[in-house]
Amino acid sequence: MQRGKPCRALPTLKCQTFCQRHGLMFEVVDLRWGIRNIEATDHLTTELCLEEVDRCWKTSIGPAFVALIGDQYGPCLIPSRIDEKEWEVLRDHLTARPSDLELVARYFQRDENAFPPTYVLQAPGTGEACEPEEATLTSVLRSGAQEARRLGLITQEQWQHYHRSVIEWEIERSLLSSEDREQGATVFLREIQDLHKHILEDCALRMVDRLADGCLDADAQNLLSSLKSHITDMHPGVLKTHRLPWSRDLVNPKNKTHACYLKELGEQFVVRANHQVLTRLRELDTAGQELAWLYQEIRHHLWQSSEVIQTFCGRQELLARLGQQLRHDDSKQHTPLVLFGPPGIGKTALMCKLAEQMPRLLGHKTVTVLRLLGTSQMSSDARGLLKSICFQVCLAYGLPLPPAQVLDAHTRVVQFFHTLLHTVSCRNFESLVLLLDAMDDLDSVRHARRVPWLPLNCPPRVHLILSACSGALGVLDTLQRVLLDPEAYWEVKPLSGNQGQQMIQLLLAAARRTLSPVHTDLLWASLPECGNPGRLRLAFEEARKWASFTVPVPLATTAEEATHQLCTRLEQTHGQLLVAHVLGYIVSSRHGLSEAELKDVLSLDDEVLQDVYRDWTPPSKELLRFPPLLWVRLRRDLGYYLARRPVDGFTLLAIAHRQLVEVVRERYLSGSERAKRHGVLADFFSGTWSQGTKKLITLPLVGKPLNLDRKVAPQPLWFSHTVANLRKLKELPYHLLHSGRLEELKQEVLGSMSWISCRGISGGIEDLLDDFDLCAPHLDSPEVGLVREALQLCRPAVELRGMERSLLYTELLARLHFFATSHPALVGQLCQQAQSWFQLCAHPVLVPLGGFLQPPGGPLRATLSGCHKGITAMAWGVEEKLLVIGTQDGIMAVWDMEEQHVIHMLTGHTGEVRCVKIFAKGTLANSASKDYTLHLWNLLSGQEKFTIWDGGSKNPAEPQIWNLHVDEAHKVVYSASGSKINAWNLETAEPVFHILGDASDPWMCMAVLASQATLLTVSRDGVVSLWSSATGKLQGKQHMSSIKEETPTCAVSVQKQGKLVTGFSNGSISLVSSKGDRLLEKLPDAVRFLVVSEDESLLAAGFGRSVRIFLADSRGFRRFMAMDLEHEDMVETAVFGTENNLIITGSLDALIQVWSLSEQGTLLDILEGVGAPVSLLARGGALVASASPQSSSFKVWDLSDAHRSRVPAPFLDRTGLTAVSHNGSYVYFPKIGDKNKVTIWDLAEGEEQDSLDTSSEIRCLEVAEQRKLLFTGLVSGVVLVFPLNSRQDVICIPPPEARKAINCMSLSKCEDRLAIAYDNIVLVLDITSGDPCPVIDGPRYTFYTQLPETLSSVAILTDYRVVYSMTNGDLFLYECATSKAFPLETHRSRVACVEVSHKEQLVVSGSEDALLCLWDLQARKWKFEMSYTSSYCRGVQCACFSKDDKYVYVGLKDRSILVWSVLDGTLLTVQFVHAVVNRIIPTTSGFIAPTRHGYLIRENFQCLSAKASPQDPLKNFKKAMWMVKSRQREELVAAAGAPQDLESESAQGNETKSNKCSQVCLIV
């Protein structure tokens, strides 16, 4: 076949596509393509081809070798090297022929630097006529070898070196040398029928071997026949034979037979290669490769380590001292060790040797984990590093692997890592040693101010050893800022002169080389007293190439000069431009380049191609490629300086040495050259010139532009539905950014929903955010910031429900749609792309029609979570940049809120952390815990300064308080717990005094009044005690005069007034001082908390569902506002704003409310907490953090612009009593602060339009959309009806009994009936048309439930049937016309909603235990029952039927919406909307729904296929189970008393399959 065609023909492209779909990279290696014939058959090319064969077998998991054998045996080359003994045998036989001996001696020179000495073939001099002499030389050597073989002086294998062709050498190396290579090899044999009859014809001679005189080479033909027979005998399974009839123009491409043969050959190649790939993949799947990535990572570092320590020498004293230190530290807590020294000093070799000797140093059961950082993808960043270490340690110790919830967030992985180390320590058995070499090569450390994941103290039996470079890189300085113990740092010093010489000798011996005395002197003259192993290795790499008969160039004296010398040598050998571009591309890549990628990139580089084809033209007129042989030659000379790193399942090339990277940047990537390299890489990874797109080039010998196909690999985002193009995802943004193609970056990456979804699904939300963090600082684009913040807001949904397309598209569209018009360039395009995707989505999906999730630019800055239990304490540190949290399981975490990650894990406590106090300008923290210890921490370093046993009472029945006060002036910390008060010196941790109280009357409140040097306590019985804060001596004791028979519940000190404000169980607030006490206020309920502003001018008291504000005055405090700040649930905590113009309050219903004090208590915003009672609020500047003991998550809000109007402004409803009119234009809800009024909110304008006075508190709201009526149900029992077109008018419906509060109301679907439900009474009224407004008549019917339980929900039908439910779960159908009540099957808990279908044949009911039932009203039995179980489920909130009654839309209290098929009970889709939906109102193709966040959801439900699988949207749900039960149709028909007319029911759209089994969908 024509050379070059197989490697780039259509079949290989098909194989490439096939492999990409399976996550594999397909690389064709044909080193003889694109080069001149003289180079194709030289000795170096042959050697490189054989090396490539070995590389293919080592690398490939599928096809590794393909041979195309025709009727040519090929040329036989003479050996390029002859061993000394073999040379002597040949010389002895040539002694009788002096001219032959002289010829051989002229071409071969003895290299005594080889071991053993070798005779090396010399290239002919310039201008010499070498071909005749070479032919003679070949004949002479072959005859000498033949004679030596006949006499038995050389072996058959040695003889073959003179008689084998290049083809046979390659087949021997790849196939015949082993019996187990059938799986990856294929040999195509071409046999031409009757060729022997035409063998002497001129046209046939082109197909066979010829001698120099043009005659047939019979010996070559015999050897070819022997080779074919050998292949057939050893590996018949790899053979594919093609028999062609003889033809004079057989090899003419226009010959149909020839074309058919080529097509068949290509098809066979594709089938064979694909089969080999699939076979191997099945074997890997069978072997269980879930943790293949981990095993590959471990093997990589072990292999690297074994390579490094082969030439290790010296350091024995340092190893011994390190071993002694490890044994000394093994039984106690200690700091990590850091080995440091200049680059190249031998730190890596020492770390690898230490890992090898660890079993001897600490015992044979020691678990050792070694990572050579930066040599693989997972060891290049902290996220991958910690993940791999955690998995390896868990497997080694038999511990559970990190769950998916931990792996979803890097902060959780960090905390899991710290916890894992302590778990291993507590086993008290095997020691664990973690060795992390080259901290400088860890991306997250290189430019960081700290190392947030680094344990500052190692527990017993856990050791952490790091290495770092000293010098200008700064990583060692970073470590020294966090690891303060000077004993932790161990300097690695240079080798001695003797050790340096020993190292060189070891390297030479490993390479089977030596140095002559002259060369040895030259080497050491260039390296006087050099003990730097890196510099020695550079010298060795040069010296190993010295032959004994050459005079080498003197070596450079410094490492930098040696690296420049290396580049100069490479340029002289391979050309300056090629070396500059190859090294430039490798260094410019983000993670490295595979060999296939590098060859593709070079094929796109016009400068390189013009330089390569300066003296000859490429072999093809259709395509243009870079000749791969040129790269392989350069790769061989790079050798030791080239590293291979496993990344995403591929092997990537990178520069192994920092010094060479710096030199490459200096020599080849200065100025515009850097942007050019990134530009070509961007072209490659974007696929600009792939898939047949041709690129113009002008070659020197052609002189005109050529438009040629470069045949580079295509670069789609997805290779298949499940395999993403990870290389493109990771490299393209980086190269677009650094090539200056910023608009393309914004359009193709940051502004592409396809890119965002692919990156998010394949790499997770953190990788996606990393891309935006990489690019955003270089882009002056507010739109990029909006998208980045929107992605950050998506994190809770992704962590809760898993990353998948519909979730990501919904999240971004519902958050960014608000800005689509104002920011059309990027945000508008993203929204359009999302809408287009939804239109084509094949699965059932809810399609957002507008924004309804919290948009970027709002107050929420972050939602963060940790790998710990609920949060019990919280405080801000240095300049409001650090947030310290304490948890139920005793963990203290210090968060950097600028970078939003944990910087320290403080693990001293064993019990729940109850209090944290920050002082010393935010740099120190005191913490108190249920374990009765106090800890003092340095927040900057994360170090524990001391621990104090506080000696609290262990009596669980005794009331416990945890109160800390830090007196910085006197350097004393006071703690109160139970009946004991302690004072400790902050510097020495020595006790200052102890005060013991009366166990029968324990203290409930304690304060240190610094201005009076007094310590004040209030006991349970109201006894006030005064103590000296300096000595602890009692100064006085008295009973409170202002309080009788109340127990203290909370207190806060007011230092300026010298008073303790104390709250009591019956609502009293008292001011207590050393002079006595005074009643400040009597509240209606028990005081739940007291807080004062920073300047102590304001006081807030929480009681029941309200907060009252007081203003400081001369007597203490007075009431600040006439109105109280009200919540819908019990208030839990509060905090004042920076300038006392705000107060932020939190309540039991997980809501946070922001009030303006400068506007007399105006509610500015309602914020959603973490889904649990808001028990903790902490302010740091303009930032407010909220948390709860019931959640491991916390939120951080920026309230600096709380007074600024937000666009769009959400409606502020906290009751959930919302109604909607005018197709979602207006929302109605009880007015904030005055529930006797209805607020009318204009959604388009984002403001209140009007309000309606109801004169009584509102209990429920309903809107008759068609009749334009608003119904308000009141606590008084009255229903007021407001015509929406004339709101000044009102219709009053009186209650049946005085003061009976309304529970709920319902309108029939035609809006002609109204049902009003009280505790146990239901009124049914008629609504008829009238002028100017509808007329409400009745009540037409009134009935009593006659049950002890109260009504919870009601639904009315046009025919006067009523479906109602009770608080205990009972459900009834009542026929008003006959006064009959029919009990339906009971729910297991309170029914939250009952809704009737539009055709009034079905009813859906939902209960608080998340059980939904679909009822057939005619049969009065449920058709389908669906239950939902999850760790987040809190029951059903609301439901409705679609307009066509095909679906049921359900809002759950876990802040999600589901769609349920009425036809067969199938769960179609679930959507997480971040907020509880108050009600759902159907529209023509979907629904609208107001949420507790103040937004109106507008969505269409799209189900393109009637048989669409409902499984796909649910596959990523975590810890959730749906179960659907269906009742057999015959049972329903029998219950209804109707004939089983299947067609009639089918016409109603209610057909269901008989014998339908229960459906169970388990979502893990």
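Cβ atoms here come from the backbone N, Cα and C positions, even for glycine.
Per Swiss-Prot, these features apply:
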BINDING   Gly341, Pro342, Pro343, Gly344, Ile345, Gly346, Lys347, Thr348  ATP binding site
DOMAIN    335-661  domain 'NACHT'
REPEAT    866-905  repeat 'WD 1'
REPEAT    908-947  repeat 'WD 2'
REPEAT    956-994  repeat 'WD 3'
REPEAT    998-1037  repeat 'WD 4'
REPEAT    1044-1082  repeat 'WD 5'
REPEAT    1083-1121  repeat 'WD 6'
REPEAT    1212-1251  repeat 'WD 9'
REPEAT    1253-1290  repeat 'WD 10'
REPEAT    1291-1327  repeat 'WD 11'
REPEAT    1338-1376  repeat 'WD 12'
REPEAT    1380-1418  repeat 'WD 13'
REPEAT    1425-1462  repeat 'WD 14'
| Residue among the binding-site residues Gly341, Pro342, Pro343, Gly344, Gly346 whose Cβ has the most other Cβ atoms within 10 Å | Gly346
| task | Would you kindly list the residues that approach the repeat 'WD 11' (1291-1327) from elsewhere in its chain, counting only those six or more residues past its ends and only Cβ-Cβ distances under 8 Å? | result | 1259-1260, 1262, 1264-1267, 1269, 1271, 1273-1283, 1333-1347, 1350-1358, 1360, 1362, 1364, 1374, 1376, 1394, 1396-1398, 1400
| query | In the same chain, which residue numbers or ranges, 6 or more beyond the ends of the repeat 'WD 9' (1212-1251), come under 8 angstroms Cβ to Cβ? | reply | 1123, 1126-1128, 1151, 1153, 1161, 1163, 1165-1166, 1205, 1257-1263, 1265, 1268, 1270, 1272, 1282, 1284, 1287, 1476, 1478-1479, 1481, 1483, 1488, 1490, 1492, 1494, 1496, 1498
| query | Excluding Gly341, Pro342, Pro343, Gly344, Ile345, Gly346, Lys347, Thr348, which residues of the same chain place their Cβ within 8 Å of the centroid of the Cβ atoms of the recorded ATP site? | reply | Cys469, Val492, Asn532, Pro533, Gly534
| query | Cβ-Cβ under 8 Å from Thr348 (ATP binding site), same chain, 6 or more residues apart: which ones? | reply | Val308, Leu372, Asp437, Ala438, Ser467
| remark: Outside the repeat 'WD 1' (866-905), at least 6 residues beyond either end, the same-chain residues with a Cβ under 8 Å of its Cβ set are 406, 410-416, 418-419, 450, 452-453, 455-456, 911-918, 921-923, 925, 927, 929, 931, 935, 937, 939-940, 942, 1172, 1176, 1178-1183, 1185, 1187-1194, 1196
| said: For the repeat 'WD 12' (1338-1376), give me same-chain residues lying six or more residues beyond its boundaries with a C-beta closer than 8 angstroms to one of its C-beta atoms, as numbers and ranges. | reply: 1296, 1303-1310, 1312-1326, 1382-1396, 1400, 1403, 1405, 1407, 1415, 1417, 1420
| task | Could you pull out which residues elsewhere in the chain have a CB under 8 Å from any CB of the repeat 'WD 14' (1425-1462), counting only those six or more residues past its ends? | result | 800, 844, 846, 1171, 1389, 1392-1393, 1395-1399, 1401-1402, 1404, 1406-1414, 1468-1487, 1489, 1497, 1501, 1517, 1519-1526, 1549-1550
| request: Can you tell me which of 956-994, 1044-1082, 1253-1290 gets the most C-beta pairs within less than 8 Å of the repeat 'WD 2' (908-947)? | output: 956-994
| message | DSSP on the repeat 'WD 14' (1425-1462): how many residues come out helix, how many strand, how many coil? | response | 0 helix, 24 strand, 14 coil
| Chain residues in Cβ proximity to the repeat 'WD 3' (956-994) (below 8 Å; excluding those fewer than six residues from its ends, i.e. six or more beyond) | 914-917, 919-920, 926, 928, 930, 932, 934, 936, 946-948, 950, 1002-1008, 1010, 1015, 1017, 1020, 1027, 1029-1032
| task | Enter the number of other CB atoms within 10 angstroms of the CB of Ile345 (ATP binding site). | result | 24
| What number of additional C-beta atoms lies within 10 angstroms of the C-beta atom of Lys347 (ATP binding site)? | 23
| note | Per DSSP (three-state), Lys347 (ATP binding site) is helix
| What does DSSP give as the helix, strand and coil breakdown of the repeat 'WD 4' (998-1037)? | 3 helix, 23 strand, 14 coil
| Confidence summary (mean pLDDT) of the repeat 'WD 11' (1291-1327) | 92
| Looking only at the repeat 'WD 12' (1338-1376), what are its DSSP counts of helix, strand and coil residues? | 0 helix, 24 strand, 15 coil
